[in-house]
Amino acid sequence: MKKTAIALAMFVGLTTVSQASTITGNAEAGKNKSATCAACHGADGNSMIPANPTLAGQSADYLFKQLKDFKSGDRSNAIMSGMVAALSEQDMKDLATYFSAQEAKAGSTPEFIKNKKGEEVDVVKVAGQLYKAGNATTGLTACSACHLPDGSGLPLAGFPKLSGQHAEYIANQLKAFREGDRANDLNGMMQKIAAKLSDKEITLLSNYISGLH
């Protein structure tokens, strides 16, 4: 019991600290620089386009890293590479700080999804098990170990917030990691995890994760 209490205290402390940011950006300056971001990501970072990520409420450190990776080429996307080409490091910090400070809109999880046979699959039951416990048969690690049960993530450890993100975007990124089209994850961790996911599991997980809160 004592060990459990200590572990829980450490966990709570870690999740509290994880919400802090290590970058020094100016949110007001970021807002003034964000006009060109609005078309794809929304003025307040809440994207209305399922293929484009919501940025609102995401960790500033994570957003800053992604912008840097697009600029350096460590993460490949023709549109984003062009958008960040003229940004200075401070510009990226300001933008990351601004979008991080915005309130993200809640996502939703469908109750059922039909598989290829037309059968309804209980999303919460099946995907919830994968997210919280992984898959011992394939060696899949539980998503909640790094992104937490509510999908809020551990920013200072490099694990982003997933809750509320568009299911389509999540699915696309998991497939990109799996196919090696995205490789800017720490020590290839997401590539190794995504390699163990089937298309069916990706569809279920992405829809489940979107509605976490």
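Along the chain as shown, the residues are counted starting at 1.
Just so it is clear, glycine is given a Cβ too, placed from its N, Cα and C backbone atoms.
Record features (TrEMBL):
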type    : residues                       : note
SIGNAL  : 1-20                           : signal peptide
DOMAIN  : 25-103                         : domain 'Cytochrome c'
BINDING : CYS37, CYS40, HIS41, MET80     : heme c 1 binding site
DOMAIN  : 129-213                        : domain 'Cytochrome c'
BINDING : CYS143, CYS146, HIS147, MET190 : heme c 2 binding site
Pairwise CA distances across CYS37, CYS40, HIS41, MET80 (listed as binding heme c 1) top out, in Å, at 12
Between the binding-site residues CYS40, MET190, the one whose Cβ has the fewest other Cβ atoms within 10 Å is CYS40
Across all protein chains shown, the binding-site residues CYS37, MET80, CYS143, CYS146 give the max Cβ-within-10 Å count at CYS143
The domain 'Cytochrome c' (129-213) resolves under DSSP into 46 helix, 4 strand, 35 coil
Counting only residues outside CYS143, CYS146, HIS147, MET190 in the same chain, those with C-beta within 8 angstroms of the heme c 2 site's C-beta centroid are THR141, SER144, ALA145, GLY153, PHE159, LEU162, ILE193
Listed in sequence order, the residues of the same chain lying six or more positions from HIS41 (heme c 1 binding site) whose CB sits under 8 Å from its CB are SER47, ASN52, PRO53, THR54, LEU55, PHE99
Longest inter-residue Cα distance for the heme c 2 binders CYS143, CYS146, HIS147, MET190, rounded to the nearest angstrom, is 12
MET80 (heme c 1 binding site) to MET190 (heme c 2 binding site), Cα to Cα, whole Å, comes out at 21
